[in-house]
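Heads up: the structure comes next, in structure tokens.
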């Protein structure tokens, strides 16, 4: 079994803080799709986004844009994010109080970061992937302008945009109830 250490940046400790995280399992450190690192977890493998400290970690306020989130309760949460960061990163890094948002931490395994975009912004977004589309099919309140926040990275053209959080959240990871189909072993 392989064991490697992964150097990761910790947003909670500040932009320049670094810590080491052990990777264990037969596939530890193997590269997966898109250059992600596969983490061995109890015999199962899970993809994790690789984090690196780059020039954008020390970006100036000129590289930040303003984003307005209309929360489920109708209140507007205004914050700033770095160009290149995903909307999920913006919510996490700014500790925005959006209940249940980003439960899978951006691994395309839930749909809790479902957002609804303004027409003029939606038209400029990169094409949706099949994987994102599959997750969106499970989202609550799906519209023709829906996307997952973990898949949308900020650009300068998005400055001052408003995105709406749907009224309810559906976590695709909880859509299958195995308890009802399980038989009791005696």
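Including glycine, each Cβ sits where the backbone N, Cα and C put it.
Look at Swiss-Prot and you will find 104, 110, 113, 150 tagged as [2Fe-2S] cluster binding site. Note on residue 110 ([2Fe-2S] cluster binding site): other Cβ atoms within 10 Å of its Cβ, all shown chains, come to 26.
Marked as domain '2Fe-2S ferredoxin-type' by Swiss-Prot: 65-169.
For 61 (among others), the entry in Swiss-Prot reads phosphoserine.
What Swiss-Prot lists as N6-succinyllysine is 64 (among others), and the listing cites similarity to another entry. Residue 64 (N6-succinyllysine) carries a strand DSSP state (E or B).
In the shown protein chains, 17 other C-beta atoms lie within 10 A of the C-beta of residue 64 (N6-succinyllysine). Positions annotated as N6-acetyllysine by Swiss-Prot, on the basis of similarity to another entry: 64.
Residues or ranges marked as N6-succinyllysine in Swiss-Prot: 156 (among others). In this structure, residue 156 (N6-succinyllysine) is part of a helix by DSSP.
Here Swiss-Prot flags 175 (among others) as phosphoserine, drawing on similarity to another entry.
What Swiss-Prot lists as transit peptide is 1-58.
Mean pLDDT of the predicted structure over the domain '2Fe-2S ferredoxin-type' (65-169): 95. In this structure, the C-alpha atom of residue 104 ([2Fe-2S] cluster binding site) lies 25 angstrom from that of residue 64 (N6-succinyllysine). The Cβ of residue 104 ([2Fe-2S] cluster binding site) has 18 neighbouring Cβ atoms from other residues within 10 Å, across all protein chains displayed.
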